[in-house]
Ligand SMILES: NC(=O)C1=CN([C@@H]2O[C@H](COP(=O)(O)OP(=O)(O)OC[C@H]3O[C@@H](n4cnc5c(N)ncnc54)[C@H](O)[C@@H]3O)[C@@H](O)[C@H]2O)C=CC1
Ligand SMILES: C[N+](C)(C)CC(=O)CC(=O)[O-]
């Protein structure tokens, strides 16, 4: 964990706004300086996209958002900041001058990250007061979703700065890749640029259009790269003999006249026009914001799938989800909830991928929402990630959902929960799902849960502390009217 609470951002363009979104959605306060008169509108749009993605990726476990202040100067952005991230245009003189000023205003212990995608940290830190406090923290677009951040120190960067920066980036859900040496373009951009240079040649030589080249990536190697990268995939391609065989078989091809990697096509006006026209065709009239949403939706799907595997970027996402659980728990515990009323612990919104062909919320999402409401109850009674890691959890063994009204796209919903009974191994609950706008009851779920030892898959008593908290709720709620649907089974006659 880090003690960073307040982040100063210099520059709020594509990357700076992405940093702002990631920090705010992690509950950090952000002071952002960007002279662009449109900065407020742009930030609103980026935040809307980012919130939409986080709701899908971490449906029930995000911390309350931090506060965004759009400030009037670099000095105002950095004065009280615990961490500063610079995302200025890629011009070395500008970065150097602005960071020289910022480093004289910020506290001496404030760490600075630069988002540069290729400039050397040694050059960027040259005029700073306390240059040992600067690292490059090179992110990927969209910063609020992409886990990778390349951390590269300059000649004067201290080891402590690299470690503190990496801790900070980790705490906001990123995967810091620590560069062993300072190098122009770092690692990922060098790889991407090699591919892009070759792609430009293929367009220039009339071999493929921009869309065909993108197809070659997204229907093929791009799918594998997302989780295994290049080397591991090639190891497998070497068959049982592995990497040595792969290198013996395909290594010599590197000498064949396949590539033009050392050469760059001249970016003449005509060539740029050709690329731009093909790219326009490819976009099919979609605006940048629409393309961003499409990109974000696909990224969320990929990250969700990888999270289920707990592999590669999915491992980072899983760890981050656990962190989010604990933060959401802290937020839940800080709220005063009257145990004598049905507990309102979970809120959500009907997302686009919750809608079925009938145009309303699809049935599996009801169980999903009720499951998230149960998670909120668990957090409320003190079940944290440590509890889960110790092999203890509640499993749902029986559910009865009643669908009462419809829920439509973008409607806000909330769940209230009654705890009907608890004993050491069993928990009997009743959730009610309401539309937030008119408090109409949309669905209910009665559920029986068993407390299990997840390592041995058998029922065991819950911890005393958890049972005590659940017991308090049962006692406080015992005079509430029993929910109408409780005890009902499919086909049962209605109560009079
Ligand atoms: N766009 C990308 O895909 C990536 C860019 N980067 C790096 O991030 C940095 C920023 O790039 P982008 O966000 O793409 O550029 P951008 O052009 O979208 O944003 C730059 C922002 O800086 C603002 N600005 C200009 N002068 C300023 C000043 N004196 N003080 C404060 N703000 C000022 C501009 O108004 C603009 O909003 C660059 O170093 C770039 O190499 C890193 C990763 C990916
Ligand atoms: C184009 N770019 C070199 C600025 C890209 C990056 O640095 C990272 C990314 O998001 O692709």
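Even glycines carry a Cβ here, placed using N, Cα and C.
Listed in TrEMBL:
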DOMAIN    6-181  domain '3-hydroxyacyl-CoA dehydrogenase NAD binding'
BINDING   11, 12, 13, 14, 15, 16  NAD(+) binding site
DOMAIN    185-253  domain '3-hydroxyacyl-CoA dehydrogenase C-terminal'
*Could you list the residues of the same chain, at least six apart in sequence, whose Cβ is under 8 A from the Cβ of residue 13 (NAD(+) binding site)?*
34, 36, 87, 89
*asked:* Please identify which of 14, 15 has the densest Cβ environment, defined as other Cβ atoms within 10 Å, among these binding-site residues.
replied: 15
_For the domain '3-hydroxyacyl-CoA dehydrogenase NAD binding' (6-181), mean pLDDT (0 to 100)_ = 96
*residue 12 (NAD(+) binding site) - helix vs strand vs coil (DSSP)*: coil
_Helix, strand and coil residues within the domain '3-hydroxyacyl-CoA dehydrogenase C-terminal' (185-253) as assigned by DSSP_ = 56 helix, 0 strand, 13 coil
*asked:* Using a 10 Å radius around its CB, how many other CB atoms surround residue 16 (NAD(+) binding site)?
replied: 27
*Would you count the other C-beta atoms found within 10 angstroms of the C-beta of residue 11 (NAD(+) binding site) for me?*
26
*Across all the protein chains here, work out how many other Cβ atoms are within 10 Å of the Cβ of residue 12 (NAD(+) binding site).*
27
*Neighbourhood of the NAD(+) site (11, 12, 13, 14, 15, 16): other residues with Cβ within 8 Å of the Cβ centroid, in order?*
9, 17, 18, 19, 34, 87, 115
